[in-house]
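Quick look at what Swiss-Prot annotates:
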- 286: active site, charge relay system (ACT_SITE)
- 290: active site, charge relay system (ACT_SITE)
- 501: active site, charge relay system (ACT_SITE)
- 543, 544, 576, 578: Ca(2+) binding site (BINDING)
- 210-596: domain 'Peptidase S53' (DOMAIN)
- 265: N-linked glycosylation site (CARBOHYD)
- 403: N-linked glycosylation site (CARBOHYD)
- 572: N-linked glycosylation site (CARBOHYD)
- 1-16: signal peptide (SIGNAL)
């Protein structure tokens, strides 16, 4: 039986990957059908797929030099964020490069009306038959063995040698999967005694029993401060996976916890067919959580809910063995939409509470999307991500066929151009919450801005967990905020929600408050935060030295499948930066004194 299964596997791989000719070069390749998936047959030749092609930049350092120049206090260009046209000029490939790619597509049968040249990216739509000829591959239908969802994908694709040096990636091709909201626990409706507490009682509780905007204002030194209504201080909230923010629930939340904000609302940015449907049985908890705390803590700021259709891709591992049926790429769709907005329409803060294991995405995809976060940073956007809810890891094994024991960093939290937010719990003192993800990237090297801080932690750590992580990788999270038992109105009822998905929007609102403080003094918004945080801003955060994360328990917390067990696996909160709470939680008054 095992031999038969192995022969069938070889047959499926062979069917999925034709032999590339001498005139083609392989761009991406999977050695085997990802675990949990089965090839069930050839794709319909007439099926239409929307592709994104990322053009390899001739001088990638130009983007990195620019983001550090405009984001590092003390440099001559600090705060001089680029306009969209300036960013386009920075990234625009040579004319002959673009022409060669467009020519390849049109000569290969793609309708010119279905090609959109966006400078360093090209979007094109075509049918499976044409795509197979273009990329010298065969697209097949792959079925998820857990939920019978099917996807059109391939295990390998190629492009002509003549243009191969210009092609960083084409997707969706080899990507299997989805994102997850980073909310580790959704509680039942709250007890009557909590529901009946007054706003003043919640503030006095200092977030011990339930987190509300009142206690966060008290805990983090915001007081009654509100932002001013300005066009140059906008907040964007990311929405994926058909999560829809409900206006009625926001109204209930503000009436209950922020009565002075009653009547304030948010606008919608609908991307690639995204919706924000009101009412109905669909999921809204994550979207409501994000919107209620962003609006509640900065209610005069202009807030936009960016709802993007589709579900993100991955190469499945034990943490994420399944996905929904949709060929769109939401991160790419959202990011390409945002970087093309005029600078006066961009959010100055973008908060996202979604992520996946870093290893579940091909390296070309993580690099391309991380560079898009950097592009937003050059235009003055502070990109905020939750760090994740699996501690050092959940499955704690590699998905390369070796199943080696390994901690699992979370992406996009591990991208060096985002600010990653860990979680805390309790007060007097705050402690690291056990589910707060953190660690070290296996994809991105440690950026110079955090080199000294991370070296200090590694010296304390010594040889513990040696071999389970890359000590030279980008370390995360950067900072933290409360992450346990947030009061949220969902479908008309108050519910408690935990996860770093709560920490991220709370921090985003505080960053918007800092931007408001700077703008009132004639200074620009903060933009990409990390160079400032690691050089000076860290002194405005309360260091968390108690508690720690946990993970690698032997069972994956999402799928329930048996996984690698690492006894006592944890990152501990320590003095200074640590990979569970970063530099700690915000003290608004202290932060205003160390702003650039």
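Cβ atoms are placed via backbone N, Cα and C, with glycine included.
Known features from Swiss-Prot, placed on the structure.
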residue	record	DSSP (3 states)
265	N-linked glycosylation site	coil
286	active site, charge relay system	helix
403	N-linked glycosylation site	coil
501	active site, charge relay system	helix
543	Ca(2+) binding site	coil
572	N-linked glycosylation site	strand
578	Ca(2+) binding site	strand
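Excluding the listed site residues 543, 544, 576, 578, the same chain places 545, 573, 574, 575, 577, 581, 582, 583, 584 with Cβ atoms within 8 Å of the centre of the Ca(2+) site Cβ atoms.
Neighbour list (residue 572 (N-linked glycosylation site), Cβ cut-off 8 Å, at least 6 residues apart, same chain): 432, 547, 548, 578, 580. When the Cα atoms are compared, residue 501 (active site, charge relay system) and residue 286 (active site, charge relay system) turn out to be 8 Å apart. Cα distances from residue 290 (active site, charge relay system) to the recorded positions 265, 543, 576 are smallest for 265. All protein chains considered, the CB of residue 576 (Ca(2+) binding site) has 16 other CB atoms within 10 Å.
Close to residue 544 (Ca(2+) binding site) in the fold, though at least 6 residues off in sequence, lie 424, 429, 430, 431, 432, 480, 573, 578, 580, 581, 584, 585, each with a CB less than 8 Å from its CB. Nearest neighbour of residue 265 (N-linked glycosylation site) by Cα distance, taken over the recorded positions 286, 543, 576: 286. Its own atom aside, the Cβ of residue 501 (active site, charge relay system) has 31 Cβ atoms within 10 angstroms in the protein chains shown.
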